[in-house]
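Structure record follows, encoded as structure tokens.
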């Protein structure tokens, strides 16, 4: 069995066992972790495959969340329809953002995504009649189907886990597809890809929109998890948090962002029990991790497993060489 397949089985087993072994608080923290893992994945799709860092992925999540809150609470549209419209509106927003930013260079792209994200954040504060301003829009709840309450922590966990696993598997296949290899080629040598006739801009644009849609899915779960949509998730703090998690875990790896989110949430929970200045401690841990593990935690684990497998391969080769 390949190592990737074994890892997938172990992750699925852990996801199934978690709600059976843990209480409501641990399950709710896992819900939060999976939501932010999707947001971090959307960041790493751009950073890890194109080398472009975006600070507006949480903006797409916020746009999706506000769409659900406005259409679902204010206008009373049904549950499936508001989700569909939220993802459609997020996709449209990603298309517009992509048209405005993707002609720029990497540093300019970073600043443009930051500026656009802050514009949407400011709009969510100031457009009080629509967004509710600082207070936001409360009362966002999922429906009950046949006695199954989707707002229940454990039921909600099952829904998030199913969608999250499906998206990660889809991105895993994407990374191994010709399109994924094209993105890597663009990152390594854009001019060569152009010379070979590859549609560089279209590939970059497609990746940006796909990343925006993934962030939009995270926004759907985020607003239902919180039960309220306010400007906070659109703020720079959330964007930096997602970036931090992706860098900590290793944004070049598929599972690195999820690993970074899990470690960051665990650190926040643990350190907050001992000091009010937990963000300072987390900042110090992040600084040390970047200095000591520049490619993230996922790379550390990968190198460790490679070192463990090399001696075994060497022994096998030696044994075969001695056979008569």
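Numbers run from 1 along the shown chain.
A Cβ is built for glycine as well, from the same backbone N, Cα and C atoms used for every other residue.
Database features (TrEMBL):
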| type | residues | note |
| --- | --- | --- |
| TRANSMEM | 33-52 | transmembrane segment |
| TRANSMEM | 59-77 | transmembrane segment |
| TRANSMEM | 83-102 | transmembrane segment |
| TRANSMEM | 109-128 | transmembrane segment |
| TRANSMEM | 155-175 | transmembrane segment |
| TRANSMEM | 201-224 | transmembrane segment |
| TRANSMEM | 230-248 | transmembrane segment |
| TRANSMEM | 255-274 | transmembrane segment |
| TRANSMEM | 280-298 | transmembrane segment |
Highest-contact recorded stretch vs the transmembrane segment (83-102), from 59-77, 201-224, 230-248, 255-274, CB pairs under 8 Å: 201-224
Highest-contact recorded stretch vs the transmembrane segment (155-175), from 33-52, 109-128, 201-224, CB pairs under 8 Å: 33-52
Segment-segment contact (the transmembrane segment (59-77); the transmembrane segment (255-274)) at 3 or more Cβ pairs under 8 Å: no
Distal contacts, the transmembrane segment (255-274) - CB-CB under 8 A, six or more residues away: 7, 11, 29, 32-34, 36-37, 40-41, 43-44, 48, 168, 241, 244-249, 281-282, 285, 296-299
Ranked first among 33-52, 109-128, 280-298 for CB pairs under 8 angstroms with the transmembrane segment (230-248): 109-128
Within-chain partners of the transmembrane segment (280-298) [C-beta distance under 8 Å, separation at least 6 from its ends]: 244, 247-253, 255-256, 259-260, 263-264, 267-268, 271
Intrachain residues whose Cβ lies under 8 Å of the transmembrane segment (33-52), provided they are six or more past its termini: 58, 60-61, 106, 109-110, 160-161, 164, 167-168, 171, 175, 180, 183-184, 186-187, 204, 207-208, 210-212, 214-215, 217-218, 221-222, 225, 241-243, 245-246, 249, 251-254, 256-258, 260-262, 265
